[in-house]
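Quick notes on the structure that follows.
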Amino acid sequence: MHTIPGRRIILLLFLVFLLLPIYWLVNMSFKTNGEIVSTMTLWPHQPTLENYTRIFTDESWYSGYINSLKYVIINTILSISFALPAAYAFSRYRFLGDKHLFFWLLSNRMAPPAVFALPFFNLYSAIGLFDTPWAVALAHCLFNVPLAVWILEGFVSGVPREIDETAFLDGYSFPKFFVKILVPLIASGIGVAAFFCFMFSWVELLLARTLTSVNAKPISAVMTRTVSASGMDWGLLAAAGVLTIIPGALVIWFVRNYIARGFALGRV
Amino acid sequence: MMDKTVNQKAWFLVLPVFLIVAFSAVLPLMTVVNYSVQDTFGNNQFFWNGVGWFKELLDPSSDLGGRFYASLLRNLAFSAIILAIEVPLGILVALSMPRDGWRVAACLVILALPLLIPWNVVGTIWQIFGRPDIGLLGYTLNHMGIDYNYVSNEFDAWATVIVMDVWHWTSLVALLCYAGLKSIPDAYYQAAQIDGASRWAVFRAIQLPKLNRVLLIGVLLRFMDSFMIYTEPFVVTGGGPGNSTTFVSIELVKIALGQFDLGKAAALSLVYNIIVLIVCWIFYTVMTNAGVDHTKREGAV
């Protein structure tokens, strides 16, 4: 690929710009509150793990992480398993209302979550799912299912039709073809779609906070409430923030070769 | 694309998706429509209010309308500014990516990092980073003699929210463009080299046309997401100082969950949703039209 003059400097400056605020968060998470407030130090002079120990020993903190992971995983599984057959249908067949349906799905990915906060609260309270991981997982399906359909449709379209036809001639039933042939062929696409579902469910706060109160409170909500309650425990807040970055950083590593194409929604 | 067969049974494959999205989208929207035409004295007693809320919302002289138009304008200005920064910067970063080897993987991971940080933590990071007493940015700026305080100064609050969004989302545009650039066959560059094309000519004639499609996705995703931004500015500035960074979503949540003004919030929700729907429809039409020109290439994905 052709690149431009001065590219190293541009790239370096940009990466530093990206990493500096994150470094500052990590830096603060290893400081005592005394050091944070009293002096300006570029690295922790009295490094401490106290902030992290507090999070790992206090149930109200670490249960936040478990709750978040619960609904994120439920949502990812739901979104992918619902979206796979639909992606196949959109990619291979024309049927009554297909274009309108696809547009309607897309429009839900774009709908502002703030619009849904209050009605979701009423809906999930009414059906008794309020304050469970299921409420948040189902609510996040609103934008993750359309996204998964969209990404997977791009990948399914990359599989030649001849493969379907050969499989059916060989006597494969539809479900068997689906599980034995199609799914392995688009495994990387499923990985990318799962990554995106994980990501958008993990980063969302508004709906997750609105739909939970005590038992299923996600880590993001624990963070906001503790800040207002205990005043300025910056070190603890920073440590909690660092811990929320880790799952994301881990999953990026696994899909790093597909990230770029995934962000183009399988359409590059 | 062209050789799709007509098969109505495909509906059975789509049905689960249809049901689950309808459950999450249509039922709540019906509640919103219901609220938007009613008023209440409390105690769950509602009465018909017709289009009263909508009239109030769209009338700039009323309190509600004034707040709506002000936040809408702020939001559009915000979207315009971040697009004007993020799109060129994203292209520049994509063009600066290393050719191959471990450096590409490292760059991709670092670029993607901000995208995977929960939005409230993004807010927290910049809240801390910008504070004049404990944040590196705020401390440095103030010691350079620049009076910077995002809590009390409107301009500083805006600058912080914009720099935060650039930090958070430029990577998305960069990754999209990188994916687009990667799909250009080497033969194109070789041909350009034989022709003695300048660096700028290569960009104009080869790279930019190839980027059109991904840039379209990028611009529209960024427009949509910045148009419904809530968490990050809420954590950093809380919509202040005053109302200077109160965007539409923040206003809506204030009315809906703060004041519990159901009718007003519902009317605002519907108008907000309709704006999004219109932009989305334009996006979809342009995308599918672009798809027709690219049918061949799509088959090869």
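Heads up, residue numbers simply count up from 1 along the chain you see.
The backbone N, Cα and C atoms fix where each Cβ goes, glycine too.
Note: TrEMBL annotation is automatic and uncurated.
The annotation transmembrane segment is assigned in TrEMBL to A:9-26 (among others).
Here TrEMBL flags A:71-90 (among others) as transmembrane segment. Cβ atoms under 8 Å from those of the transmembrane segment (A:71-90) belong to residues 98, 102, 133-134, 136-138, 140-141, 144-145, 147-149, 152-153, 155-156, 178, 182-183, 190, 193-194, 197-198, 201-202, 208, 216, 218 of the same chain, restricted to positions at least 6 beyond its ends.
Using a Cβ-Cβ cut-off under 8 Å and counting only residues 6 or more beyond its ends in the same chain, the transmembrane segment (A:102-122) has close neighbours at 90, 130, 135, 139, 142-143, 145-147, 149-150, 204, 206-207, 210-211. Per TrEMBL, transmembrane segment is recorded for A:102-122 (among others).
The transmembrane segment feature in TrEMBL is assigned to A:134-156 (among others). Using a Cβ-Cβ cut-off under 8 Å and counting only residues 6 or more beyond its ends in the same chain, the transmembrane segment (A:134-156) has close neighbours at 70-72, 74-76, 78-80, 82-84, 86-88, 90-92, 102, 105-106, 108-109, 111, 113, 116, 120, 124, 182, 186, 188-190, 192-193, 196-197, 200-201, 204, 207-208, 211-212, 216, 218, 262, 265-267.
What TrEMBL lists as transmembrane segment is A:177-203 (among others). Listed as Cβ neighbours of the transmembrane segment (A:177-203) (distance under 8 Å, sequence separation of 6 or more from its ends, same chain) are residues 68, 71-72, 75-76, 79-80, 83-85, 88, 136-137, 140, 143-144, 147-148, 151-152, 154-156, 158-159, 163-164, 167-168, 247-248, 251, 254-255, 258-259, 261-262, 266.
Feature annotation from TrEMBL assigns transmembrane segment to A:234-255 (among others). Sequence-distant neighbours of the transmembrane segment (A:234-255) (same chain, 6+ residues past either end, Cβ-Cβ under 8 Å): 22, 25-26, 28-29, 31-33, 36-37, 48, 50-52, 54-55, 61, 65, 69, 191-192, 195, 198-199, 202-203, 219-220, 222-223, 226-227, 262.
Beyond the transmembrane segment (A:9-26), the same-chain residues lying 6 or more positions past its ends with a Cβ under 8 Å from any Cβ of the stretch are 238, 241-242, 245.
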